[in-house]
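Remarks on the structure that follows.
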Amino acid sequence: FSFRKLWAFTGPGFLMSIAYLDPGNIESDLQSGAVAGFKLLWVLMLATIIGLLLQRLAARLGVVTGLHLAEVCNRQYQKVPRIILWLMVELAIIGSDMQEVIGSAIAINLLSVGKIPLWGGVLITIADTFVFLFLDKYGLRKLEAFFGFLITIMALTFGYEYITVKPSQEKLLKGLFIPYCQNCGTTQLEQAVGIVGAVIMPHNMYLHSALVKSRQVNRANKREVREANKYFFIESCIALFVSFIINIFVVTVFAEAFFEKTNADVNGVCMNASSPHSSLFPNNNETLEVDIYKGGVVLGCYFGPAALYIWAIGILAAGQSSTMTGTYSGQFVMEGFLNLRWSRFARVLLTRSIAITPTLFVAIFQDVEHLTGMNDFLNVLMSLQLPFALIPILTFTSLPSVMNDFANGL
């Protein structure tokens, strides 16, 4: 084992792990905490472990074959299943992109104290994504370092909320290691399905299998291939452990502070804190419903304005990083399935347009205070898209004709 070699292979796993930290994930985390308390933490942990095993397969496919998953699908499947797979993956990317762009727009709205409307934040996010994408002109390592910086911001901001709220460690450990959900109903079940869809992103397997190609590996040398697989797996373990800890921060903060709270409870606290957002919560005994926007407001009411702005900075970092990785996924998927060889700018423009158009419509015709249902729907949509990524990755990595000596036994 060599730390120097691990450092050389570090990068693709952290870029991949950003999909485990996008605004859709954060919203799923806070809603599961507010709706089910600590009871669904074990679902989050199991989903992350399954995600790690699938990412390992994706990385192995890229390292061993020198092709990413979309390119292998293009070679192995007939025209009709290939087009169906491509459409399903594009649908997953569009759904994920909507969450990421809307999340960034909400963060910008919170940071500007409502002066920048939701559609304005969407336009800013579209523009700055293009700017950031051209960062890799200065080298992939610099881009990877920038993503690492954004992950650090998320860890610090959500860690601050965790330290401020001080969740119960006993309940945390119980929620992680005892698979139970006492007194759970339809709402909690929907959250559990949403967690799986938010954590295991279908298009992330296509992305990871492409990112590992950035490292030079002599595929004729089995020892080098085995070594690359080992270091990419270690890096993925570290990256997903970091993302898992950040997700735990969010779930436990909302489980501790807002589980079984009513609108009236929050309304009273916001009124006492002289919050301009008190009207968001009607003075009734219905259970509190939160999303990324309301979550930030509630944190501000209970723990001061600093908690609100630090929350918004974390969401902005999550949104900015994940919109860029979503764009990369779109490029690789389009190149692989359709065998398109466009200029970089044309590809980015097309993949952005496909995802941004429905997002812009949502932002214009829906106000920032009523977006909770959309995120739940998109997370469940991700769960439904999973088989269209799982079947190819599980099939190809078990075929000796594709993986040679590195095919899985199962």
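Glycine too: its Cβ is placed from the backbone N, Cα and C atoms.
The transmembrane segment annotation in TrEMBL covers 31-54 (among others). For the transmembrane segment (31-54), the list of distant contacts is 20, 167-168, 171-172, 174-182, 184, 187-188, 191-192, 194-196, 199-200, 204-205, 236-237, 240, 243-244, 247-248, 250-256, 258-261, 287-291, 372, 375-376, 390, 393: same-chain residues at least six beyond its ends, Cβ to Cβ under 8 Å.
If you look up TrEMBL, you'll see 84-110 (among others) marked as transmembrane segment.
Annotation source TrEMBL lists transmembrane segment at 116-134 (among others).
Per TrEMBL, transmembrane segment is recorded for 146-163 (among others).
Feature annotation from TrEMBL assigns transmembrane segment to 192-211 (among others).
Look at TrEMBL and you will find 232-255 (among others) tagged as transmembrane segment.
Residues annotated as transmembrane segment in TrEMBL: 297-318 (among others).
What TrEMBL lists as transmembrane segment is 345-365 (among others).
Taken from TrEMBL, the feature transmembrane segment covers 377-396 (among others). Residues 24, 28, 54, 57-58, 61, 69, 72-73, 76-77, 84-85, 88-89, 91-92, 95-96, 98-99, 190, 193-198, 200-203, 205-206, 402-403 of the same chain, all 6+ positions outside the transmembrane segment (377-396), place their C-beta atoms under 8 angstroms from a C-beta of that stretch.
Highest Cβ contact count with the transmembrane segment (232-255) among the listed stretches 84-110, 146-163, 192-211, 297-318 falls to 146-163 (criterion: pairs under 8 Å). Distant neighbours of the transmembrane segment (84-110): 19, 22-24, 26-27, 70, 73, 77, 116-122, 124-126, 201-203, 206, 292-293, 296-297, 308-309, 311-313, 315-316, 318-320, 322-323, 326, 329-330, 333, 337-338, 351, 354-356, 358-359, 362-363, 368, 371, 374-375, 378, 381-382, 385, 388-389, 392; these residues of the same chain sit at least 6 beyond its ends, with a Cβ under 8 Å from one of its Cβ atoms.
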